[in-house]
Amino acid sequence: MSNSPFQQEVAKRRTFAIISHPDAGKTTITEKVLLFGQAIQKAGTVKGRGSNQHAKSDWMEMEKQRGISITTSVMQFPYQDCLVNLLDTPGHEDFSEDTYRTLTAVDCCLMVIDAAKGVEERTRKLMEVTRLRDTPILTFMNKLDRDIRDPMELMDEVENELNIACCPITWPIGCGKSFKGVYHLYLDETYLYQTGKGHTIQEVRAIKGLNNPELDAAIGEDLAEQLRQELELVQGASHEFDHQAFLQGELTPVFFGTALGNFGVNHMLDGLVKWAPAPMPRQTDVREVSAQEDKFTGFIFKIQANMDPKHRDRVAFLRVVSGQYEKGMKLHQVRIKKDVVIADALTFMAGDRSHVDHAYPGDIIGLHNHGTIQIGDTFTQGEDLKFTGIPNFAPELFRRIRLRDPLKQKQLLKGLVQLSEEGAVQVFRPLANNDLIVGAVGILQFDVVVARLKSEYNVEALYEPVNVSTARWVECHDAKKLEEFKRKSEQNLALDGGDNLTYIAPTMVNLNLTRERYPDINFRKTREH
């Protein structure tokens with residue numbers, strides 16, 4: 001295979017997202033990753049609001065003026081010989097289906113765990129999503145500068161709860177006030193921790209070898225001996241690193257450190273660029289597309305709307321799968337069978353929203369969207385194919401939506417269907433009545449929908465509680481059995497925005513009983529876009 005400039009560009013791309021429970025330290029680790037990638041000169045700390053440190057890195061702060069906060073969505077930075085694309089997954093309040101779908105656009109994930117707490121609920125959910133594509137996972141056990149749980153116990157919990165084998169790459173020496181550093185099992189080096197160096201890249205002292213007298217002198221004989229004994233146990237009880245198992249999502253390399261103290265993040269980044277895959281092939285409804293192909297293909301995984309009614313622009317995020325994007329090129333939008341000239345795609349380099357001239361597989365570009373682009377749309381240079389694996393997820397929160405002005409029913413329905421195509425929310429129309437039920441994954445989605453209905457469709461809507469706790473898409477290969485099911489379960493059936501049959505259950509117990517009663521019916525948690 002000739003190593004053309006194009007192939008070199010593809011080979012150096014690494015595209016990943018960070019998954020964590022709120023407060024496990026995702027914002028801090030994002031900052032430190034950017035610091036090591038020299039994307040920002042100095043990281044602010046989230047704690048030091050009163051000090052001269054900014055609450056976050058400056059450009060993140062600028063994003064707070066509620067325009068399209070696009071720069072925090074995709075950040076590109078160089079690290080060693082690679083070019084890394086970090087896709088942000090929104091945190092607490094902004095948690096939505098976007099968070100899930102972003103994970104379908106990456107080739108690898110970094111799971112950040114608060115080592116004082118272990119595996120938490122949001123992490124479990126996000127890991128379930130990575131399982132849809134067996135995404136490779138690296139793990140960073142964070143907050144070693146605080147008192148943490150036993151490291152072996154933490155790894156056991158990850159293995160048991162998330163069903164993935166753990167392979168420690170670094171191992172902590174103490175924690176909290178007595179945190180001394182980490183030992184790298186594969187380089188046979190100990191790195192010593194210094195406090196108070198969180199916002200700059202520090203020179204870390206490395207001591208080669210476990211039996212080096214320097215180690216005893218640096219951390220004390222007792223701790224050094226304890227470390228040797230611990231490592232004997234660890235090496236006996238844990239998995240060896242196996243690159244193939246990692247690439248198949250079966251094994252996760254585990255790193256220990258403190259993002260706030262800026263320690264251990266670089267070991268994880270070294271592992272990421274060394275082991276994470278370059279842009280991967282993607283399945284379509286016709287064939288598999290390799291990143292090395294010279295014709296451009298890509299898919300839309302997220303649409304970001306503007307909260308400012310003065311600017312209606314929305315940006316559609318496109319993951320480049322193959323070929324090269326060049327400014328002004330003509331692309332074929334497969335779903336609507338139309339050619340479009342893309343003159344002003346956006347890129348996201350270290351926090352600047354700027355126009356892009358070139359993009360390669362693994363890169364994310366932003367397309368201006370005036371309502372013609374939907375999630376799951378495929379763009380090609382003419383070939384008629386559609387990328388698969390961009391799912392809708394069953395919502396977990398439901399509200400009935402009501403109009404202040406009943407004469408605007410038509411506009412309401414139109415608005416909701418369009419917003420559901422964009423992925424802002426899901427809409428369900430029960431077969432048994434004229435209600436409109438809105439479903440979301442994150443609570444903020446409801447507020448966004450009401451605001452956008454008002455500003456874009458001139459519809460004033462309000463919510464009421466509704467007796468729905470979960471929804472599943474319904475499939476059955478036997479038309480007769482499906483008809484019988486529809487007849488008997490009409491009270492619990494609805495059509496979603498794309499007219500797909502959906503079972504809306506008042507309780508999980510109801511759903512489980514219905515499943516048992518109708519074993520031939522498939523109740524699905526995800527549905528292809």
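Numbers run from 1 along the shown chain.
Cβ from N, Cα, C; glycine included.
Annotated in Swiss-Prot:
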- 11-280: domain 'tr-type G' (DOMAIN)
- 20-27, 88-92, 142-145: GTP binding site (BINDING)
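Structural mapping of features recorded in Swiss-Prot.
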| residue | record | DSSP (3 states) |
| --- | --- | --- |
| Ser20 | GTP binding site | strand |
| Lys26 | GTP binding site | helix |
| Thr89 | GTP binding site | coil |
| Leu144 | GTP binding site | coil |
Task: Identify, in sequence order, the residues in the chain of Ser20 (GTP binding site) that are 6 or more apart from it along the sequence and have a CB within less than 8 Å of its CB; answer 'none' if there are none.
output: Lys26, Met111, Val112, Ile113, Asp114, Arg122, Thr123, Leu126
Field: Which same-chain residues, if any, lie at least 6 apart from Thr89 (GTP binding site) yet have Cβ under 8 Å of it
entry: Ala17, Ile18, Ile19, Lys26, Asp98, Thr99, Thr102, Leu103, Leu126
Message: If I restrict to non-local contacts, at least six residues apart, and a C-beta distance under 8 angstroms, what lies near Leu144 (GTP binding site) in its own chain?
response: Ala115, Pro172, Cys175, Phe179, Val182, Tyr193, Phe256, Gly257, Thr258, Gly261, Phe263, Gly264
Task: Just jot down the residues in the same chain as Asp23 (GTP binding site), at least 6 apart in sequence, with C-beta under 8 A of its C-beta; none if empty.
output: Asp114
Task: Please average pLDDT over the domain 'tr-type G' (11-280) for the predicted structure.
output: 85
